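**Student:** Handing you a structure now.
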Amino acid sequence: MGYLSSVIPTDGSPVSGGGLSQNGKFSYGYASSPGKRASMEDFYETRIDSVDGQIIGLFGVFDGHGGAKVAEYVKQNLFSHLLRHPKFISDTKVAIDDAYKSTDSEFLESDSSQNQCGSTASTAVLVGDRLFVANVGDSRAIICRGGNAIAVSKDHKPDQTDERQRIEDAGGFVMWAGTWRVGGVLAVSRAFGDKLLKQYVVVDPEIREEVIDHSLEFLILASDGLWDVVTNEEAVDMTRSIHDPEEAAKKLLQEAYKRESSDNITCVVVRFLHGQGSSGYA
């Protein structure tokens, strides 16, 4: 997606892994592959930490364009900024919004050579019995609640009425160049980086809060290498019967590849484990 550029070469081998939270309340798995591309711009992060005695889960998918530099920077810095935020527990939405914006500002100030490099982000933060999903760009987040596929993020595309209006109000334009693009260049309307288009391509995340209860089964974060060829409902159906989230992530990746996805493919699956112990998720 986005700009075309030479990026990190890869041997084409998929990677996968996973883990379990210390409190046994959630497990996670990931799978990532360059797919049919010769280079890799996707990055992901899976982290379990502790803040004020609470077990915290942090998960993210970052799909770069114009190179891998911004996606790698966001992977390395976004969650560190978030965990250090003084309102991380008391006002998690504000902390997430601030962390997105400060990470973007720091990158733009630190590397003036990467004017046409950017990245999407789709992140999930587990705090107690709350799930916070935030995104910029088109790396989508889906939950399965009561067997139903529910999108908990909105793809930020330049042809959406509200996004196009925002861009034009800021003095920019949207035009068709194979797909709808900001300035005829970029296929997403919100992203990290993209210094030359920053006035129009903002990093304001949309944040959604969900309650972690017994109806919430699992979460999927993935780059558009999956969503270009697999529907939300298909992804949930494929994942629901696979208890091991790493195996579920691998299944999604393999299916996207089989369906001729032309992009890098990265999937993160988080499964919520509703045991017989404490009713809380801290």
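The backbone N, Cα and C atoms fix where each Cβ goes, glycine too.
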**Student:** Asp224, Asp263 bind Mn(2+) 2 according to Swiss-Prot; which of Asp49, Asp52, Asp63 goes with them?
**Tutor:** Asp63
**Student:** Cβ neighbours within 10 Å, counted over all protein chains: which one of the binding-site residues Asp63, Asp263 has the most?
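**Tutor:** Sorting the candidates by Cβ neighbours within 10 Å, the top entry is Asp63.
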**Student:** Mean pLDDT, the domain 'PPM-type phosphatase' (27-272)?
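**Tutor:** The predicted confidence over the domain 'PPM-type phosphatase' (27-272), as a mean pLDDT, is 97.
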**Student:** For the binding-site residues listed here (Gly64, Asp224), tell me which residue's CB has the most neighbouring CB atoms inside 10 Å.
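**Tutor:** When each Cβ's neighbours within 10 Å are tallied, Gly64 tops the list.
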**Student:** Give the distance between the Cα atoms of Asp224 (Mn(2+) 2 binding site) and Gly64 (Mn(2+) 1 binding site), rounded to the nearest whole Å.
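**Tutor:** Asp224 (Mn(2+) 2 binding site) to Gly64 (Mn(2+) 1 binding site), Cα-Cα distance: 11 Å.
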